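**Student:** Sending over a structure as structure tokens; questions will come in a sec.
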Ligand code: PGA
């Protein structure tokens, strides 16, 4: 894992956009995430598309997860969210923006079909990840099998509370989701996890310096050959080896 600690959330968004831009230029298959953390990176990529001609026309995209039972047209469905926040503002073909079908009659079959679609597309080249305060990635809540595939999960009450800010009330947040599994996510060739703010400090500490354990699903990044974590100072505030990560970043020839 490479841990990159930057002063502010805006710095995190800029560096993440630089990395994503390199993949977009190659027409890579992009793994997208919803949530508030990636929005600043998406905004910067939209700016680069509009002002600098960065094109996504050759890319396909796969979303991490979707609420079960929420109509695609609902403004909080991730189908609608990713379009509103990112893909409607760039030149990616909308038919190439995929998400799990949370409205399917047969949710387990929809999960299997989604994994199959990712494979058919040649796999995800770079997967963007946020992290929940409970250490989830995608919607893999604590206790998720480290090899899990796309499947139905029940949200943790903490996640329901965290996400209720997007709905009129906590009762409106769906309890079930269809999410790429930790095994599915781990098949992406490059994992890029972003975290900003003090609220993520415990989860980042458990991910980076805790044991590999299903209780902190993001710790599965410890097994991945190419995982990059970009965090701001607040999210890094509980890392014991923060000075070493800074030193390593400063001296990494790849960033020269
Ligand atoms: P957030 O969500 O970016 O809105 O904090 C992250 C997540 O739950 O994965």
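Start at 1 and count along the chain as shown; that gives each residue its number.
Each residue, glycine too, has its Cβ placed from N, Cα and C.
The domain 'Glucosamine/galactosamine-6-phosphate isomerase' annotation in TrEMBL covers 9-222. If you look up TrEMBL, you'll see 65, 136 marked as active site, proton acceptor. Sequence annotations record features per position, and here TrEMBL assigns active site, for ring-opening step to 134, 141. Residues or ranges marked as site 'Part of the allosteric site' by TrEMBL: 144, 151, 153, 154.
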**Student:** In sequence order, which same-chain residues at least six apart have a C-beta under 8 angstroms from residue 154 (site 'Part of the allosteric site')?
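**Tutor:** In sequence order, 141, 175, 176 meet the Cβ cut-off.
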**Student:** Hey, how far is residue 151 (site 'Part of the allosteric site') from residue 65 (active site, proton acceptor), Cα to Cα, in Å?
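**Tutor:** Residue 65 (active site, proton acceptor) has its Cα 9 Å from the Cα of residue 151 (site 'Part of the allosteric site').
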**Student:** Which ones, of the recorded positions 65, 144, 153, have a Cα no more than 10 Å from the Cα of residue 136 (active site, proton acceptor)?
**Tutor:** 144
**Student:** Judged by the number of other CB atoms within 10 angstroms, which among 65, 134, 141 is the least packed of the active-site residues?
**Tutor:** 134
**Student:** 10 Å Cβ neighbour count around residue 136 (active site, proton acceptor)?
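**Tutor:** Here the count is 27.
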**Student:** Count the other Cβ atoms sitting within 10 Å of the Cβ of residue 153 (site 'Part of the allosteric site'), across every protein chain shown.
**Tutor:** 23
**Student:** If H, G and I count as helix, E and B as strand, and all else as coil, what does DSSP give for residue 151 (site 'Part of the allosteric site')?
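**Tutor:** Going by the DSSP assignment, residue 151 (site 'Part of the allosteric site') falls within a strand, counted as strand.
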**Student:** Give me the long-range Cβ neighbours of residue 144 (site 'Part of the allosteric site'): same chain, 6+ apart, Cβ under 8 Å, in sequence order.
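**Tutor:** Set apart from residue 144 (site 'Part of the allosteric site') by at least 6 residues yet with Cβ under 8 Å, we have 136, 153, 181, 182, 214, 217.
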**Student:** Residue 65 (active site, proton acceptor) to residue 134 (active site, for ring-opening step): how many Å between their Cα atoms?
**Tutor:** 17
**Student:** How would DSSP class residue 65 (active site, proton acceptor) in three states?
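**Tutor:** For residue 65 (active site, proton acceptor) - judged by DSSP and reduced to three states - the answer is strand.
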